[in-house]
Each structure stands twice: as C-alpha cells, then as structure tokens.
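Contents: one structure, followed by commentary.
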Amino acid sequence: MFYYIIDILGTIAFAISGVLVAMEKKLDVFGVLIIAFVTAVGGGTLRDLLIGIRPVGWLNAPIHILVIVLTVILAILFVKQLKYVRKSLFLFDTIGIGLYTMAGVEKGIAADLSPVMCIALGTITACFGGVIRDILCNEIPVIFRKEIYATVCILGGLVYFLLIQFPVISNTIAHSLAILTIIVMRILAVKFKISLPNIYREI
Amino acid sequence: MFYYIIDILGTIAFAISGVLVAMEKKLDVFGVLIIAFVTAVGGGTLRDLLIGIRPVGWLNAPIHILVIVLTVILAILFVKQLKYVRKSLFLFDTIGIGLYTMAGVEKGIAADLSPVMCIALGTITACFGGVIRDILCNEIPVIFRKEIYATVCILGGLVYFLLIQFPVISNTIAHSLAILTIIVMRILAVKFKISLPNIYREI
Amino acid sequence: MFYYIIDILGTIAFAISGVLVAMEKKLDVFGVLIIAFVTAVGGGTLRDLLIGIRPVGWLNAPIHILVIVLTVILAILFVKQLKYVRKSLFLFDTIGIGLYTMAGVEKGIAADLSPVMCIALGTITACFGGVIRDILCNEIPVIFRKEIYATVCILGGLVYFLLIQFPVISNTIAHSLAILTIIVMRILAVKFKISLPNIYREI
C-alpha cells in the first residue's frame with residue numbers, strides 16, 4: 001500500500017515533468033497529454049518490450065492512465081502555481097526514480113537475467129521515459145548531458161546486488177536500502193552540484 | 001474485399017504523406033522510401049509491439065511493401081502532379097485514419113484489453129506512423145500541434161464502445177458507424193477550421 | 001570462432017562511430033556510452049522486437065556490453081589517436097555491415113519469413129543502430145541522405161537468395177559470398193564516390 005502510493009506520486013512527478021517540457025515547446029492539449037504519458041510510462045514500456053513482457057504493463061493498468069490524465073488537467077489549469085511545489089516535485093521525482101529503478105531490476109531478475117542486465121533494465125525504466133519525452137520534443141535527451149541522473153540509478157542497482165550477497169540481509173531490506181541510496185545520492189548530488197567531470201567546454 | 005481495397009488506398013495515402021515530408025527534407029531515394037514505409041506501417045507496428053503480437057503485422061503482409069514501393073516510385077516520378085490529386089489524397093488519408101483506428105480497437109479487443117486501452121491502441125495505430133515520420137525527419141510531430149487529428153480517432157473509438165452497449169446494434173454496424181464518425185468529423189473539422197482552443201500564442 | 005572475432009570487431013567499429021557522433025554533440029560520459037551502445041546493438045534490437053524474439057539478443061550477451069564499455073573508455077582516452085586508425089575503422093565497419101546484414105537475414109529465415117522480409121530485416125540490423133544514434137543526437141539519420149550504405153545491404157541480401165537457388169552452392173558459400181559482395185561493393189562505392197543520383201540540389 002505504502003509502495004503503491006509512492007508509485008502514484010512518482011507517476012505524477014514524471015507526468016508533470018512531461019507537461020512542463022511540452023508546454024515550453026508550445027504543444028497543444030493533446031500533445032501535452034501524450035508527452036506526459038510517455039514520460040511517465042515510456043521507460044517501463046521499453047523495458048517490457050526488451051524483456052518480452054506482453055502486453056506491456058500500462059495496457060493492464062488503467063489507474064496510471066487516469067492519474068496521468070488528471071495530472072495533466074490540473075497541471076495545465078494551475079501551471080502558474082507549479083513553481084510553488086517545485087521542491088515537492090523534485091522529491092516525488094527522486095523517489096520515483098528510486099522506485100522505477102528497483103522495479104526494473106526486479107523484472108530483470110524475474111526474467112532470469114544477469115545482474116548487469118538487471119541494472120541496465122532498472123536504469124532504462126527510470127531514465128528512458130525522459131529520453132523519449134526529449135526526442136518527441138526534438139531535443140537531445142537531457143540525461144545525456146547531465147549524467148548524474150542515470151549514474152545514481154546504476155549505483156543503486158549495484159548497492160542492491162552487493163547487499164543480497166550477505167545472507168543476513170533480507171531481500172526487502174536490500175531493496176529498500178537501494179532505493180534509499182538512489183534518493184539520498186540524487187539529493188546530495190543536486191544540493192552540492194556534483195557531476196562527472198565534463199570532457200568538453202561549451203563556448 | 002471492399003475493406004481490403006480501402007485499406008490499400010489508406011496505405012497509399014499514408015505513404016504519399018511520407019514521401020512529401022521526406023522530399024521537403026531533401027532525403028535521398030532510400031530515405032524517401034523508408035519514411036513512406038514507416039508512415040504507412042509505423043502505427044500498426046507500435047500497436048503490435050505494445051500488445052505483443054509477433055511477428056509484427058507487415059512482416060507477413062508483402063502486399064503492403066509492394067504497394068508502398070510502387071507508391072513511392074510513382075510519387076517521385078509524378079511529384080509535380082500530386083497537387084492535382086490533393087483532394088483525393090485528403091479523402092484517402094481520412095478514410096485511412098478511420099480504418100486504422102478501428103483496426104487498432106479490434107486488435108485491442110482481441111487481446112482482452114479494456115475499452116480505454118482499445119481506444120488508445122486505435123489512436124496509436126492511426127496517428128503514430130505520422131509521429132515516427134516526423135521524428136525521423138527531425139520535426140516535432142505535427143499531431144502534437146494540430147490535435148484535431150488524434151481527437152477524432154478518440155471520439156470514433158468512444159462512439160464504437162457506446163453503440164455496442166445497445167443489443168439491437170450489431171458489431172458490424174457499430175464498426176461502420178464509428179469509421180463514418182471519424183471521417184465526417186475530420187472533414188467537418190478541416191472544412192470549418194475547427195481546432196481545440198490554443199493555450200499559448202506564438203509571437 | 002573466426003566469425004565471432006569479426007563480430008566483435010564490427011561491434012567495436014559501430015561503438016566507435018557512436019562515440020564520435022556523441023562527442024561532436026558534446027554529450028557527457030554517460031551519454032557517449034549510451035549512444036555507443038545503441039549504435040552497436042540498436043539494429044539487432046529492433047529486428048528482435050519486430051520478429052518477436054524475447055528477450056532481445058543483447059540481454060543474454062554480456063560480452064557485447066563489456067566490449068562496448070571498454071571501447072568507449074579507450075575511445076575517450078585516445079580520441080586524438082582515432083584518426084590514425086580511420087582506415088581500419090572503415091574496414092571493421094564495412095565488415096560489420098556485411099555480418100549484421102546476413103545475421104538479420106538468418107533470423108528472418110529462422111522465423112519463416114519471406115525473402116523480401118528477410119532482406120528488410122538484414123538491412124534493419126545493419127543500418128538502424130546508426131538511425132537510432134542519429135535520432136538520439138537530434139540529427140536526420142545520415143543513411144537517409146547517403147543511400148549507398150543501405151543499398152549494399154539490400155543487394156547483399158539479394159545475392160544470397162539468388163545463390164541458394166542453385167543446388168550446387170552450399171548455404172555457407174552463399175552466405176560468405178553475400179557478405180563479400182556487401183564488403184566489396186561498399187569499398188568500391190566509397191573509393192569511386194558512387195551514389196544514387198540525387199533528385200534535388202541543396203543551395
């Protein structure tokens with residue numbers, strides 16, 4: 001139940017990030033809705049396609065569509081007020097990334113894939129909604145230019161696979177600690193403006 | 001047989017719309033062919049991937065490839081004459097959208113999905129060939145900026161699911177009326193320049 | 001074993017072409033890695049999705065991920081030296097295209113698809129990694145503007161299906177001759193600057 005609520009909050013945060021990018025591009029209502037939708041479910045969809053889960057998850061999860069539609073309507077109506085909840089949005093988004101990453105890792109394990117592939121799938125789940133959003137809006141994906149976003153997903157996945165090597169640590173605890181790692185690292189990275197050293201310099 | 005001919009006409013119209021966009025971008029012959037192809041089969045391909053139909057439809061439908069290749073050759077040879085058939089093209093395209101939408105709805109029903117998801121799949125079938133075309137040509141998809149295109153697909157799907165609630169209406173009739181709704185609404189929307197109110201204004 | 005080594009060399013060449021495009025776009029380390037990855041495995045992934053092979057190939061081939069990661073690290077470290085191996089890179093890339101094309105054709109045959117579809121899948125395998133690379137980097141795919149790249153794949157596929165009509169020619173020989181055809185034609189096309197006649201002229 002607790003996870004379920006957080007999952008919905010993550011979906012909302014992802015959908016709002018889609019709304020904001022789409023409105024910047026002056027898309028119409030339908031365009032804004034589609035961009036919000038792909039931002040929220042795109043990563044999981046790509047993961048399901050790659051693993052071969054069919055149909056892809058959201059086709060059997062009407063609750064997500066409902067949440068996304070409501071989010072888009074409210075976000076368009078109250079777009080000016082969105083800046084007042086910027087901090088909450090960042091928190092939801094960060095929690096969403098943590099949950100999405102571990103959801104992807106779990107699906108990979110369920111499909112008998114190796115840890116490296118599970119981590120790749122977790123990162124895809126968390127990050128590729130944003131990649132598809134940016135491609136549809138004709139931008140180079142932002143996560144290819146601010147790498148810390150994807151890096152924390154990879155590190156979170158590593159933490160999980162390290163922890164489950166210890167028999168004393170239950171799966172639930174390893175799972176929760178991995179999510180916590182992602183959340184804490186992302187908050188720290190943003191707070192202290194940590195990023196990998198840039199190899200070029202734009203003029 | 002009747003549906004079959006209309007399906008081919010819709011494919012031709014979609015392929016030609018691909019040729020026109022690709023030629024505007026000065027792509028070479030191979031590029032024009034690929035863009036025409038994805039415009040015509042892209043929506044159905046994405047639908048099949050999401051549902052999990054395998055292999056995707058066109059891999060077992062050589063007739064579509066043949067029609068698309070011939071269309072591309074003729075469209076390149078007679079590109080100057082295309083403007084004289086502009087009205088027929090619009091009609092084929094509109095009929096194509098109607099048919100593609102209901103084809104997507106049907107595949108959704110066959111996969112036991114809920115009405116909302118069937119309508120989503122119908123809209124994807126009709127619209128996402130154009131979305132992939134625009135992405136490959138490095139444009140923000142035109143349907144995200146002129147929403148009436150997708151909106152009529154959604155309304156057509158709703159009409160279908162409303163009609164089949166009445167036991168006196170056979171499936172075939174509901175099906176045909178839904179397609180007719182899409183065609184009539186699109187023609188009216190274009191004739192009277194109806195579009196959803198724009199929430200921004202470009203300067 | 002011989003094929004295996006060449007496959008790895010092809011993967012390296014494809015990954016490096018991804019690194020070069022990504023660095024031109026000033027992507028960060030993570031972005032460069034992802035672009036290298038999709039360039040190398042994107043075509044095969046799309047092919048597997050279209051046919052319905054699940055999970056897609058690379059999820060069970062950690063060696064490819066390892067090779068790509070090492071290639072990216074070395075390519076970033078020695079980016080200035082890459083120009084000295086330009087000729088070798090072109091050769092690897094050309095051999096890679098030949099192998100990828102025939103690998104795609106084979107998967108199509110294994111899925112009982114018609115020759116036309118097998119050739120289409122072979123061309124997708126060889127070319128669409130580059131297409132996805134260019135889309136992610138916000139460019140119109142280069143192969144839609146320099147068609148000879150895809151054309152040699154199609155011709156190679158045709159050669160294969162022509163040769164296996166003759167009972168005296170074994171499958172292995174037809175396979176090898178098709179790969180050779182692709183390699184020789186591409187080298188000749190680049191050497192003599194052959195390309196299909198352009199139908200437009202940019203000002």
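Cβ coordinates come from backbone N, Cα and C, glycine included.
Features reported for this protein in TrEMBL:
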type	residues	note
DOMAIN	C:5-79	domain 'Glycine transporter'
DOMAIN	C:91-163	domain 'Glycine transporter'
TRANSMEM	C:6-22	transmembrane segment
TRANSMEM	C:29-46	transmembrane segment
TRANSMEM	C:58-78	transmembrane segment
TRANSMEM	C:90-110	transmembrane segment
TRANSMEM	C:116-136	transmembrane segment
TRANSMEM	C:148-166	transmembrane segment
TRANSMEM	C:172-189	transmembrane segment
Six or more residues beyond either end and a Cβ under 8 Å away: which residues meet both conditions relative to the transmembrane segment (C:6-22)?
31-32, 35-41, 63-64, 67-68, 71-72, 75-76, 79, 82, 89, 92-93, 95-97, 99-100, 129-130, 133-134, 137, 139
Positions on the same chain near the transmembrane segment (C:90-110), where near means CB under 8 A and six or more residues out:
3, 6-7, 9-14, 17, 43-44, 47-48, 51, 53, 117-127, 149, 152-153, 156-157, 160, 175, 178-180, 182-183, 186-187, 190
With helix taken as DSSP H, G or I, strand as E or B and everything else coil, how many residues of the domain 'Glycine transporter' (C:5-79) land in each class?
64 helix, 0 strand, 11 coil
